[in-house]
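> Per TrEMBL, domain 'Phosphatase 2A Regulatory Subunit A helical' is recorded for 99-282. Taken from TrEMBL, the feature region 'Disordered' applies to 610-647. Look at TrEMBL and you will find 24-62, 101-139, 178-216, 217-255, 256-294, 295-332, 338-376, 377-415, 416-454, 533-571, 572-610 tagged as repeat 'HEAT'.
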Amino acid sequence: MAGAAGPGTGPGAAGGDGDDSLYPIAVLIDELRNEDVQLRLNSIKKLSTIALALGVERTRTELLPFLTDTIYDEDEVLLALAEQLGNFTGLVGGPDFAHCLLPPLESLATVEETVVRDKAVESLRQISQEHTPVALEAHFVPLVKRLASGDWFTSRTSACGLFSVCYPRASNAVKAEIRQHFRSLCSDDTPMVRRAAASKLGEFAKVLELDSVKSEIVPLFTNLASDEQDSVRLLAVEACVSIAQLLSQEDLEALVMPTLRQAAEDKSWRVRYMVADKFSELQKAVGPKITLNDLIPAFQNLLKDCEAEVRAAAAHKVKELCENLPAEGRETIIMNQILPFIKELVSDTNQHVKSALASVIMGLSTILGKENTIEHLLPLFLAQLKDECPEVRLNIISNLDCVNEVIGIRQLSQSLLPAIVELAEDAKWRVRLAIIEYMPLLAGQLGMEFFDEKLNSLCMAWLVDHVYAIREAATNNLMKLVQKFGTEWAQNTIVPKVLVMANDPNYLHRMTTLFCINVLSEACGQEITTKQMLPIVLKMAGDQVANVRFNVAKSLQKIGPILDTDALQEEVKPVLQKLGQDEDMDVKYFAQEAISAVAQRLRKLDCSAKASEEPSARGADKNHFLRPRGPGEDTGKAHRERAARAVSEEAVEAARLQTRPSKGPAHQLHGNTRDTLAQLEIAELVHFSQSGD
């Protein structure tokens, strides 16, 4: 680090006196000067370790001056330093010496990078609480004044965040000076400084006396709210919330509301957006009377603003606005003054506006009641449920439970079901795909009984759609529904309908049966898979279409881990052996893949079974090697079988390595691989015959 203190004068001398215990610390300190940024950063992050080793006195007299003199590093290093110093009070001797940390943080508060300044201000605010009132006026307040009157705007912006933490504990004379400095910053020539002052105006107002708020803060608020820079005016709107909470209704009406009305109609959409975004907070701050007289008309204008961003921000606040209205007369206000504007937004040209409204409009049903919901809100829900924007439809579907609580499932189904069915059968496959994705969510909202009665047939119809993407999405949809409603529901409702498709004349639909079994087996578990699904898969192994047969092999590989040993040995293995000799190369390839997976599964099951049986068997008869052999018993049979299995497995693996294609399935293999494929089949057959004895 250029310009760093020399080894003899800086803390790098820590290890120069022959004290070997401080050598690692000397290395860390030397890294603070290293040309490598990462090394300097690592050392900064270990600053507390260095300070602990040096002790509080040397930290104050050597380390902190060294850090203060070298504040011109990479931003990443300075950010880490600013963060570390905020927790350094205990390492410099406690609150009595907290002022020693101010010089390096003051330097960091003036650098050009914003995030470094913000972190330095955050640390200074933290340290200010550890100062005694005397130390605060002696050390901290002078620092704030220096920053507030600095030549560079960076120091003046940092000062804005420090007034509120030192003001409450200062004497009256000092308080007057602090207020004067803040007033100066609010009218600074640099827009960045005025922005910083506007952002801290509300925070500063909270610690001031009420008279000072009226006489000084309100005029500052008025000036900032009419600043030439819209970035300053919008921050003044945010401060308005804090100021409004401090004033009485009369003072609010006289001092604040004219400025707030002006902001709601500001020429800059960013200012109007801020008013819309903070509307609920403003509503709570000003109270019900001013809300009815001033804020409702302003909100109406925001809902029909020319800028879509403003309309979207206002639409987001519709529900909160209605909830915060006084209970007496709420329904009338909403129906007469809010709902007409909401109806216009339903058909807005901007999808973000419609989406924002859809996310909150359902909540109005609990406020307006059953009759108003049926008469006025349901038509709006239907219109949005048919909207071309998927996000609008999703927001309506995901909030159906709000309406369900008010008007009941029957009324809801009569109104919304036709729209859902219309979407489910839409000519555009992307629309059908969108409603499929929402179906699990819709099922959770409407319940199992309603789903079985009204929507189950739709889900099954999608499985035979002519578009593959729809069939695939419908398959995944079934798995999500089983996870929501449970395996018993699946066994009684879904699985039988899926298995019937195995006899469909269209081979694509027969393949869909296999795809469904692949996903349902995971959700349904071993019993249902073994008893209901496995027989259908095995039967389809004789299908006349090769695509179906190789998908049978893939399905058997997929459900293999779910099945038990008996099913794998007695039912799956023979079918895979037969498919392994199929005339179609693809069927052969995927059958061999499945054979390998099933064999591995059987080995694992066999090992786990032996591990659980051997201790008990040997424990029951410690001399089992010496006992007489029973009639017909061959103690060497199991040994021979294991040896044969090991040989066959080696042959299988060798053949697999030779026949495995570099890319794609078996149809990419060339003629010279036929011999090795034959070896593979023979080896597998040997393996199965030995293990099946």
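Counting starts with 1 at the first residue shown.
In case you wondered, yes, glycine gets a Cβ from its N, Cα and C as well.
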> Below 8 angstroms Cβ to Cβ, which residues of this chain, lying six or more residues outside the repeat 'HEAT' (295-332), approach it?
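Long-range Cβ neighbours of the repeat 'HEAT' (295-332): 260-261, 264-265, 269, 272-273, 275-277, 279-280, 282-284, 286, 288, 338, 341-342, 344-345, 348-350, 352-353, 355-357, 359-361, 363-364, 367-369, 372.
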> Going along the chain, which residues at least six beyond the ends of the repeat 'HEAT' (533-571) come within the CB cut-off of under 8 Å?
495, 499, 502, 507, 510-511, 513-515, 517-518, 520-522, 524-526, 578-579, 582, 584, 586-587, 589-591, 593-594, 597-598, 601-602, 605-606, 609, 691-692
> Averaged over the repeat 'HEAT' (377-415), what pLDDT does the prediction give?
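Mean per-residue confidence for the repeat 'HEAT' (377-415): 78 out of 100.
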